[in-house]
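What TrEMBL annotates here:
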{"type": "DOMAIN", "residues": "B:1-100", "note": "domain 'FAD-binding FR-type'"}
{"type": "BINDING", "residues": "B:Arg51, B:Pro52, B:Ile53, B:Ser54, B:Ile68, B:Tyr69, B:Arg70, B:Gly75, B:Thr76", "note": "FAD binding site"}
{"type": "BINDING", "residues": "B:Cys219, B:Cys224, B:Cys227, B:Cys244", "note": "[2Fe-2S] cluster binding site"}
Amino acid sequence: MRSLSIELPGLSLKNPIMPASGCFGFGKEYSQLFDLNILGSIMVKATTPEPRFGNPTPRVAETPGGMLNAIGLQNPGLEKVVTEELPWLEKFNLPIIANVAGSTEEDYVRVAERISKAPNVHALELNISCPNVKTGGIAFGTDPEMAKDLTKKVKAVSDVPVYVKLSPNVTDIVKIAKAVEAGGADGLTMINTLVGMRIDLHSAQPILSNRTGGLSGAAIKPVALRMIYEVSQQVDIPIIGMGGIQSAEDVIEFFYAGASAVAVGTQNFVDPFVCPTIIQELPALLEKLGYDHISDCIGRSWKKNEQPAYHRA
Amino acid sequence: MKKELCQVVSNQSIADSIYELTLSGSMVEEMKPGQFVHVKVSSGLDPMLRRPISIASIHKEKSEFTIIYRKQGRGTSLLAEKKPGEFVDILGPLGNGFPVEEASVGSTAILVGGGIGVPPLYELAKQLVKKGIKVITILGFQNESAVFYESKFAEFSETYIATVDGSYGTKGFVTDVLSTKNIGGDILYSCGPTPMLRAIEASSYAPKVYLSLEERMGCGIGACFACVCHVKDDPDGHAYKKVCSDGPVFRAGEVAI
Ligand SMILES: Cc1cc2nc3c(=O)[nH]c(=O)nc-3n(C[C@H](O)[C@H](O)[C@H](O)COP(=O)(O)OP(=O)(O)OC[C@H]3O[C@@H](n4cnc5c(N)ncnc54)[C@H](O)[C@@H]3O)c2cc1C
Ligand SMILES: Cc1cc2nc3c(=O)[nH]c(=O)nc-3n(C[C@H](O)[C@H](O)[C@H](O)COP(=O)(O)O)c2cc1C
Ligand code: FES
């Protein structure tokens with residue numbers, strides 16, 4: 001599997017495949033189905049300073065090729081994550097990416113400072129893009145100045161590299177990406193969910209009790225690809241891509257767009273074995289496409305002058 | 001818990017829009033009454049998410065199990081088209097199930113089911129009777145054409161039917177049967193619409209009561225926080241239970257319904 005290893009700030013990944021935040025909890029449930037050691041990493045559920053219950057149910061609604069969720073950042077809180085959830089993951093040989101969330105700047109700083117000291121946390125994912133909370137979250141992710149400031153403050157307290165998770169709910173994602181890069185971000189993760197709605201035919205009311213929710217799954221793949229394509233050409237920091245990935249072919253497409261690693265979210269619910277399957281299938285797909293190493297695929301859609309590896313041989 | 005391609009043994013309509021699907025697979029070994037399976041009804045994106053359906057009966061000797069579902073939206077409509085010999089992608093068994101061990105030999109158990117909440121009670125009834133427990137069953141349906149499994153329950157339990165429009169059995173709700181017939185017992189198990197579960201929780205038909213809840217699901221295994229409910233003692237706090245993995249069966253009074 002040497003063809004799959006990737007080095008990113010803070011992260012020595014044996015392969016570039018990891019479950020996306022919020023779609024894999026803290027790993028316990030999926031560990032009943034397969035050995036988590038085969039994963040490149042795990043992006044664990046968002047952590048806020050205090051425990052959060054989240055939004056009333058219904059929190060999910062199906063859409064063509066996707067789903068809406070309005071979980072509302074439910075999580076057991078910083079203390080429990082640091083003393084129970086993360087230590088449980090130590091038995092695996094996995095660099096963990098901790099998803100940091102909050103309502104205020106202080107919240108983010110508090111979580112980042114403490115969680116970045118956990119021995120198995122090798123990077124932070126700053127969640128400034130959750131569309132399902134009333135304060136904070138996405139507000140930081142839609143204003144370039146706020147995003148930059150917050151990145152700086154979190155960088156100042158974090159013991160590990162900081163990746164900033166971008167929201168697609170903006171008119172110019174490149175602007176935000178450049179702002180957080182200027183704020184000192186070590187990498188980007190993108191995209192979070194797109195704000196959407198479904199309305200019940202009988203009640204005439206939105207299906208989600210939060211009314212709106214974040215759209216994820218195959219339906220958002222083209223949006224994610226376009227945004228990664230645009231951003232990767234304008235920044236010098238690596239991107240972990242996500243949004244609708246279901247297969248090894250999708251992974252290559254994200255690398256072509258400019259991602260250096262990828263995360264799989266919603267598809268875990270459809271096929272809990274999606275990550276192991278992709279990891280198993282990637283080497284053969286790379287060989288078929290004529291690449292020695294998956295890194296040869298990064299940004300190939302816009303690096304026009306480079307020939308595929310088999311042309312170089 | 002495992003993910004398995006289970007083969008369709010039979011799939012037929014047993015009442016208005018109600019289908020009985022029997023599948024074979026090795027996951028049957030692990031099944032308990034009140035647990036559910038998460039069914040992928042199509043191999044493509046339409047629809048994408050799995051559908052949670054209760055286990056209605058378990059046949060370990062044949063490695064088969066049966067689920068009963070109402071043809072409702074896109075997912076269950078596609079499920080109704082499955083033919084014998086075809087394979088269905090199933091994740092299961094999931095959830096905790098009804099605690100059979102809470103009923104003691106020689107005691108009386110009351111089973112109360114409403115609509116598509118009836119199926120999980122059938123395997124439960126079988127196991128209770130086998131253990132030497134007297135079972136009284138009360139089933140509620142919309143109308144006569146929606147009634148199913150009455151005779152199956154009647155084989156080994158005293159069985160009452162209520163229909164909302166009065167076209168069959170007692171007119172009204174299951175709680176009307178419970179009250180007018182003065183039914184009591186040592187333990188009560190129930191599954192059905194939330195208003196029905198609330199009514200049962202609010203009365204005292206038995207000292208021990210267990211309720212099976214429904215909630216919209218994502219993962220079905222406890223990872224996504226889609227199906228969470230508050231606990232009764234802390235209805236506005238951050239304590240929670242997940243219907244998929246802590247439930248779907250809860251002791252009455254454990255969670256806020
Ligand atoms: C633990 C559990 C056990 C269940 N057991 C049974 C059973 O034995 N027999 C049966 O007929 N039904 C059962 N249901 C309800 C069943 O899951 C829904 O009827 C089914 O998902 C509807 O899918 P659809 O595509 O036909 O409908 P649609 O309305 O098109 O579904 C759209 C979306 O909403 C979800 N959804 C719709 N209704 C429900 C519901 N009542 N509960 C949860 N999610 C829902 C679907 O899963 C899907 O994601 C159970 C639900 C749960 C949570
Ligand atoms: C149920 C659910 C919960 C999520 N929770 C979080 C979260 O806590 N933090 C976060 O940064 N992103 C969260 N996300 C977004 C995903 O990590 C991911 O960015 C998005 O779903 C797109 O990827 P996908 O299409 O593969 O799911 C969540 C997504 C879903 C579906
Ligand atoms: S459905 Fe995912 S936690 Fe229950």
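Even glycines carry a Cβ here, placed using N, Cα and C.
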Cα-Cα distance linking B:Cys227 ([2Fe-2S] cluster binding site) and B:Ile53 (FAD binding site), given in Å to the nearest integer: 15
Chain A contacts among the binding-site residues B:Arg51, B:Ile68, B:Cys219, B:Cys224, B:Cys227 (Cβ under 8 Å): B:Cys219, B:Cys224, B:Cys227
Minimum Cα separation from B:Cys227 ([2Fe-2S] cluster binding site), reported as the residue among binding-site residues B:Arg51, B:Arg70, B:Thr76 that achieves it: B:Arg51
Assigned conformation of B:Cys244 ([2Fe-2S] cluster binding site) - DSSP reduced to three states: coil
All-chain count of other Cβ atoms within 10 Å of B:Arg70 (FAD binding site): 18
Same-chain residues at least 6 apart in sequence whose Cβ lies under 8 Å from B:Thr76 (FAD binding site): B:Tyr19, B:Val41, B:Arg51, B:Tyr69, B:Arg70
Number of other Cβ atoms within 10 Å of the Cβ of B:Cys224 ([2Fe-2S] cluster binding site) across all protein chains: 29
Secondary structure composition of the domain 'FAD-binding FR-type' (B:1-100) [DSSP: H/G/I, E/B, coil]: 15 helix, 48 strand, 37 coil
Spatially closest candidate among B:Cys219, B:Cys224, B:Cys244, the listed binding-site residues, to B:Ile68 (FAD binding site) (Cα to Cα): B:Cys244
Reported mean pLDDT - the domain 'FAD-binding FR-type' (B:1-100): 97
B:Cys219 ([2Fe-2S] cluster binding site): secondary structure state under DSSP, collapsed to three categories: coil
Contacting binding-site residues, sequence order - B:Ile68, B:Arg70, B:Thr76, B:Cys219, B:Cys227 vs ligand 2, Cβ under 6 Å: none
Contacting binding-site residues for ligand 1, chosen from B:Cys219, B:Cys224, B:Cys227, B:Cys244 when the Cβ sits under 6 angstroms of any of its atoms: none
Fewest other Cβ within 10 angstroms of its own Cβ, chosen from the binding-site residues B:Ile68, B:Cys244: B:Ile68
